[in-house]
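Undergrad: To start, I am sharing the structure in question, which I have written as C-alpha cells.
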Amino acid sequence: MSNGIFIVGTDTDIGKTFVTGGILYLLRKNGVNASYFKAALSGAIKVNERLIPGDTKFVSDLSGLNEEYSFLTPYVFETAVSPHLASKIENIPINLEVIKSSYLKVKEKYDYIVAEGSGGIVCPMVHNEKSTILLEDIIKLLDLDTLLVASAGLGSINHTVLTVKYIENAGLNIKGIIVNGYDENNICHRDNVKMIKKLTSKDIIALIPRIKDNNNHKEIKKVFDDLDYKKIKKCIGA
C-alpha cells in the first residue's frame, strides 16, 4: 500500500471532511510532510466566476496546507449531486488517468496523503455505456487503506457494520473507525460504540465530540489536540 490513508464515510455529510482536516492538521503540526487529496468534489461555490471546492478549502485552511485547490482536487463541479451525475450535467467527463496522475503529483511532493472520498463507499464516480466506476474503484486505483468515519447516533450500528462488510468484500483494508459527534453522556452513543466494535472487530481509534461551529478552527484544533495522536498515527501508518 502507498503511504497514505483514504477517509471513507458511512454516508454523505457524516463528517469526513471535518475528520480529514483534523487528522491532516495533527500530522502537519507534528512535523509530517502531509497533504490532502480529493478526486472529485460536487457542490462547489462560485466566487468571482471561480469555483471554490468547499471541502478542499476547509481542510487546507484548518491544516495550514498552502496549495492551489486544483492541485489537490482535479475535478470540481458546481452541481451538488453525486460526481457521476454532476459530470454528466456539466459535460465534464471524469477520467481515471487524470485522477491517478493528479494523485501521483501530490505524492511526489509530500510524504503522506490523507485522501477523502465523495459520499459513501458505493458513491458512483463515473457512469456511462462502457462502465460504472464507484468510490471503491478510486480507492483501489490509488492503492490505499481506508479509515472509516461513522456517526455516533441512532442507526449507526447498521450503517457502520454494512459499510465495513462491503469494504472488506471489495478487497479493501480498513485500518480503523472514527466515531463522530459522540456524547459520553448519551447511553445510545455509548452502546453504539460497544456494538460497532463487537460486530466489526475493528479498532475505534477516536471518539470525536460534536462541534457547535464548524467554522471555529480554534475549537476544532483543540478537539483534535485532545485525541491520542500516537494511536491515530500508528493506526494510519503515517
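Yeah, the Cβs are placed from backbone N, Cα and C, and that goes for glycine too.
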Undergrad: Which single residue out of Thr12, Thr17, Thr146, Thr160 does Swiss-Prot record at the Mg(2+) site shared with Asp55, Glu116?
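TA: That Mg(2+) site, as Swiss-Prot gives it, pairs Asp55, Glu116 with Thr17.
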Undergrad: Quick one: pull the CA-CA distance for Gly117 (ATP binding site) versus Ser42 (substrate binding site), whole Å only.
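TA: The Cα atom of Gly117 (ATP binding site) is 11 Å away from the Cα atom of Ser42 (substrate binding site).
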Undergrad: Among the binding-site residues Asp13, Gly15, Thr17, Arg210, Asn216, which ones place their C-alpha within 10 angstroms of the C-alpha of Ser42 (substrate binding site)?
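TA: Close binding-site residues: none.
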Undergrad: Which of the listed binding-site residues (Thr17, Ser42, Asn216) has the least company, meaning the fewest other Cβ atoms within 10 Å of its Cβ?
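TA: Per-residue Cβ counts within 10 Å for the binding-site residues Thr17, Ser42, Asn216 bottom out at Asn216.
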Undergrad: How big is the gap, in Å, between the Cα of Lys38 (active site) and that of Thr17 (ATP binding site), rounded to a whole number?
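TA: With distance taken Cα to Cα, Thr17 (ATP binding site) is 10 Å from Lys38 (active site).
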